[in-house]
Amino acid sequence: MNARILPYVLILPVTLFLCLFFIYPFVLVSQQAFQAADGGWSMENFQEVVEYWKFPISMKNTLLLAAIVVPVQLALALLMATMVSKMKKGRDMVLYIWTIPLGISDLAAGIIWLAIFEQSGFLNSMLHGIGVVDKPVNFLTYQNPWIVFLAIALAEIWRATAIMLVILVAGIGLIPKEYYEAADVFGASKWKQFTRITFPLLRPSLQTALVLRVILAFEIFAVVAALGGTLFPVLMGQTYSYQFDLLNSGAAAAMALIILGISIGFTLIILRILRVPKGASI
Amino acid sequence: MTDAAVNDVSVDTRKSGRFLYGASVVFLCAWVIVPIYFLLINTLSSPETVNSFPKPFIPEFDFGSLQFFAGFSGMLTALKNSVIVALLTMIMSIIIGAPAGYALSRFDFPGKGLFRMLILLTRAFPLPLLALPLAVMFIQTGLDDTAFGLALVHTTLAIPFAVLITFSLFSGIPIELEEAAWTLGCTRLTAFTKVVLPLILPGITASAIFAFVISWNEVFAAAVLTIENRTLTAFLLQNLDTSPLHLKFAGGFILVVPALIFIFAVRKYLFAMWGIANR
């Protein structure tokens, strides 16, 4: 086949598929969100979801969770990635173990941490074993909102640090070793090597990792459903209950657009802060 | 101070540094493994033990919970649905995605930048949300509540990864190999099937497995788009409030097992896949 047409033939399936299942639904959801009950254009749906009493709480919970979880994950992933890059023996084994959570769904992660935090769970058993408590404490109730928050944050950090780790390890692997050798020759400390070589050259990977993670952080849903239930409302959970419990797809669409808007806003901010100067990539 | 004293100090700090390093590696490994181990204990305990207190720290190898899980009405169907949807997703995302990955790695064509942009854009979107409008569209086309309909949405999630991963895999194979095959009488197609494909097959398998895991783990779209034919994740989510603890733990464990195997199977490719894919 003609080499001029061939690439277009090859990318056609993906393009068609994404038009049908990515761009078209996006148009549909926007239409649904701006449609009033009588069929005209209006902001009714947005007004309804924003004025609902749970909206400010779920917004606050989602943002707070992202603000705490993502930086911790970033620091942890950077630490793990630098530790692994110096490792000689057992590197593959350690990397395999550290990336296991990558394949674990958020629902399963929620259930795993439920095994620890529930009333007859392992945290209580441990506390009982060392004599701190006599009878099991029920941690996941509305009286302990901070423990619920902690459990959800820990489950998220446990589950989703791996994706950042993989991206960062791959990124560090692309940095030429000569830079570090030169830094050693000039007597730069390990910390200086990290801040002056690793960090700047890792910027494209950091960009990808952060964008991916932040968007996933706003999508948090099943971990919360497993650990907090209705105790800890989040945006995605509200969207789900609009669609299913209240059968209000207009409101669900409005929620979806709000989450989309926040995600895109943060993506742009991250891309701007960590932008790679033209021609400065490796 | 003598030289010997200085050396002693530096040896000491290096030793304690190495100890700290080793200890943190071990700690971080435990941080990943111990919670999974706890889930394993719960899964391999009788329902009574799961609901009792305090918990044992070694499994008693009782299959009561798993039997209860298998006997719970609708659970095995949900498990079957999950596998079907994940397999469909795996096949579709590779068949649709791999040609585009090949095109990106081998050709320079006008519109390439725009196409890359479209692929990258999908990653900046909370895609499961798009299941909401699709629910309506699927009812109109009769795809509602079917494994195929859900697999289409999961394929949208997996395709950007499939394209970027296959792109980086194809880029790792020198075009000279193909050119040599052409001079030896191969057409573009036979050169691909006889030279490139065998080299790329393990990598393609790895990215197919990745697509499988994406679909297997997805919760939101699955819960929105299925009602009767629930997948395992959707089924567990729907019954979270009402199901007993041992059912949740057994279900969670069944969700985790493929993840352990699949990550082990693709571990070699995990980093190569991301290295080029994120540029």
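We count from 1, first residue shown onward.
Cβ atoms are placed via backbone N, Cα and C, with glycine included.
Unlike curated entries, TrEMBL annotations are predicted automatically.
Taken verbatim from TrEMBL:
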type	residues	note
DOMAIN	A:59-270	domain 'ABC transmembrane type-1'
TRANSMEM	A:5-27	transmembrane segment
TRANSMEM	A:62-81	transmembrane segment
TRANSMEM	A:93-116	transmembrane segment
TRANSMEM	A:146-170	transmembrane segment
TRANSMEM	A:210-232	transmembrane segment
TRANSMEM	A:252-274	transmembrane segment
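Scored by C-beta pairs under 8 angstroms, the transmembrane segment (A:62-81) has its highest count with A:210-232, from the stretches A:5-27, A:93-116, A:210-232, A:252-274. The stretch from A:5-27, A:93-116, A:252-274 that makes the most Cβ contacts under 8 Å with the transmembrane segment (A:210-232) is A:93-116. Sequence-distant neighbours of the transmembrane segment (A:252-274) (same chain, 6+ residues past either end, Cβ-Cβ under 8 Å): 29-30, 32-33, 45-46, 48-49, 203, 206-207, 210-211, 214-215, 218-219, 235-236, 238-240, 242-243.
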